[in-house]
Structure formats: structure tokens, C-alpha cells
Amino acid sequence: MRGTPKGAVIIGASAGALEALSSILPALPAGYPLPIFVIVHLPPNKRSVLAEIFNIKCRLRAIEAEDKEPVEPGVIYFAPPNYHLLLEGRSNIALSGEEAVLFSRPSIDVAFESASEAWGDRLTGIVLTGANHDGARGLQAIGRSGGTMIVQDPASAYAQAMPEAAMLASPNAHVFTLPEISSYLLSNFQ
Amino acid sequence: MTETFEKIEDIEIRLLLEALYHRYHYDFRNYAMSSIRRRLRQAREQLGFSTISAMQEGVLHDTDMLPQMLRYLTIQVSEMFRDPSYFLAIREKVVPHLRTYPSLKIWIAGCSAGEELYSFVILFREEGLEERTLFYATDINPDALAHAETGIYDIERIRLFTENHRQAGGKTSLSDYYTSGYNRCVLDKSLRRNVVFSDHSLVTDQVFGEMQFVSCRNVMIYFDRPLQNRAVGLFRDSLPHNAFLGLGAKETLRFSTHVDSFREFVREEKIYQRNGE
């Protein structure tokens, strides 16, 4: 353990997630000071290989979160299929089998809202490509708590609906292309 | 301002949980706050209270509210043969050990509406172990227990249950065990021959017998870590040397104070075996 991190990043993605995440996560340097939570819509009854893929691609450690997993800086935590990911304060992840929200479990809204309660203005929320409206409400919650809101530029997204819904709900969110998101994550925390 | 508001809400939540405990002896005080907060907000909105404090007044003075609160505070999400690979591993790797016992006790802790219980009974019948087994099905929610005792499920869930059962290595057809009509299916009452249903709390109650297998899946994820340690402690004390503990797919003993009392038996299915002392 390297002590409590100073902030956190949470990312939500759906259709087109793999490609979008592949341009953001591997760009993060070893020793990155913040924990990164990643919520991707996945089929409920299949094992996910996302964490394994990104653990190979990234300089940071990527794992699929288990219940009460301690939160450490510089670790990428993927929400497991068929569970909601919640933050139990700043120190632990808690999983939940509560009902799907907007047909999704994990739900981006649920994770974002919970993270905003734990991290307040120390949280950066990012809504990437996707073909539904999940994440819009969660990003609003992050904005209300003073956190940073980022939406992938829909023009550059594989599926526009999710970033568009997030922009509509949070008109003052930053709208960035994937390379801009990467440089934001790097510049702000080095 | 927002932050002040949220802190007040957390105070209200703690007070409500105290009220539930002192009035009805249901103890949610060590449940994971992140999830409790969500569910109490949902309850407040859907039951039409302006604040959680107002809901607390209702809880204290109106006994009819208790079942409603329990419905929000206990999660009733399950399937028959949920995570079929878990049941396949029990069939292939645990059952051969269980066969060596002349009699067996199995504890389904947090049985909710009974889906997991009946999955065990059917698997044990298929493997010829049912006759020598006593199944304990426990939960804190009396409505869930009553539902479990009826063995009645919506017909639209049966397709999923049937597919799960097949993937779990089912040796019979699930349709052998139920009759259907009026959009529901009724499990054969013979499945309950060796079942004891009981109200039991992992939070406030004690060990009640020596088990060969405890299955407690997706129950302790709603507990904070100290409470998880208490619950795992009950299982440890219920399980003799070489007996088994099964957890949910994303639960782990890695962070438990009792981690050394168990070894991984089927790692990827979260089936643990009790170590000797």
C-alpha cells in the first residue's frame, strides 16, 4: 500500500469500449498517482477478459475488482460482469447485486454516483463511446460534487448516443477527443 | 453546501438503522454504507417521504413499514443454478468427498426465495446424496423464507433456470421437478422433504450445527469488513476439518481475518476447504 490517493478517475464505456480504452489506458505511465475505475457494459453470464487484456497492454496493473478490494493509486479496477461497482469510502470497493439500472449491471450511473460521494471534487469522470444513456446521470452527480466532467467528442466516438446524452445532461462538461483525454489525464497529475 | 447535505443524510441513515435495530432487532448497522445509502434513497423516494428522518418516524411508529423496509434492505436477486460452473464444480469435485460421509448437513446461508436451495437439493438427488442430507435454508427476511417454502417461481424465469441446470451438468430434466400453470411453476414438494427453513441472522445469531458444506453467495458483499469477519467466523466454527465453504463469484477470503482457516479448493469457483487447526 502506498497510502491514500489524492483523487481518482472513473471511466464509463459501452459499445466500442475496447478500442477507446486502448487509446487511453496504455498511455498512462508507471507510477500514475490515482486509482482508475473502469465500468464497461458486459454480457452478465460470461467471464470478462478485459482486465487481463489491459494488464498486458498497460504499464499500470489492471485487475477485475473483487468485493472489498482495497483502493490503491496507479491500479486500474474493472467492474466485474453482473455486479454493480460501488466505492465504500475512499479505501475499498464494494460490489452489489442490486437490480440492473437502464438494463445494465454494472451500471455506469451507479458507479459514478457512488464514486462522487466518496471522492467529491477530487474525482474525474469520463463518459466514452456507447449506444445508450447510461453515465449521463452519474456524470451530473460528479459535476454537482465539484468533480471534473469529461465526455468523449461524439464525432470521434464509435457510438454517439452515450456521450451525446452525457453532454446534454452536463452542458459544461469538457468535450475531448481520445488523444485530448489522454493528455488531460497526464498533464493534470504529473 | 452539497457536502453538508450529504453528511446530514449519512447521519439520518445511521439513526434509521439504529431505530430498526432497537425497535425490531434487525441489525443493518454494519452493512456496507455505499449500498445502504442507495437503497434507502430509493425507499425514501418510492415510499414518498421527504427525508430519511421522516421515514425513520414511520419505521418507529408503523409496524406495517417493517416488511417494506426489509424489502429494500435485503437484496432478493437470485437464479436456480446461478453461475452454473459453481454447481458443476460441486458436482465434479466436491461430491466425491461428500460421498464418503454417512450423513450430511448443508447450510444455504441467506437463501432468499430459495432458488439456490432447490438447486442444491436437485443436484444432490441427481448424485444420490439427497436421502442422507439435511439442508438448512436460512434468511433474515420472513417474506423471503415464506416464498422459499412455497417453491413457486414465475414461468418466464424457467427458461434461464433450465439452461443453467443443463450447464451445471444436470443429469435429469428440470421439468421433472415442477408443474406449471397460471404463469408460474410450482416445484415438487418432495424437494423439501429434507429441508429445514429457519430465520437466522449472520449478524446477531450464533452457530447452530456442524456442516459439511456452507454456501453463502452474494450475501456478505452487503456487509462491511468487520461484519464479514464475524460471518466468516460463524462458518469457520460450523465447518470441521475438510468441510467446504462456497462464496459468490466475486467474493474472496483474501481480505478476511480468517483467511488462514481455509484453503482454496476450486479457486476459480470460490470454493474453499476448511484447514485443520
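Any Cβ shown, glycine's included, is placed from N, Cα and C.
For A:SER14 (active site), the Cβ neighbour count at a 10 Å cut-off comes to 24, with all displayed protein chains included. Positions annotated as active site by TrEMBL: A:SER14 (among others).
Look at TrEMBL and you will find A:HIS41 (among others) tagged as active site. All protein chains considered, the CB of A:HIS41 (active site) has 24 other CB atoms within 10 Å.
The feature active site is assigned by TrEMBL to A:ASP134 (among others). A sphere of 10 angstroms centred on the C-beta of A:ASP134 (active site) encloses 29 other C-beta atoms.
Sequence annotations record features per position, and here TrEMBL assigns domain 'CheB-type methylesterase' to A:2-190. When pLDDT is averaged over the domain 'CheB-type methylesterase' (A:2-190), the result is 95.
Between A:HIS41 (active site) and A:SER14 (active site), the C-alpha separation comes to 5 Å. Put simply, A:SER14 (active site) is 9 Å from A:ASP134 (active site) when counted between their Cα atoms.
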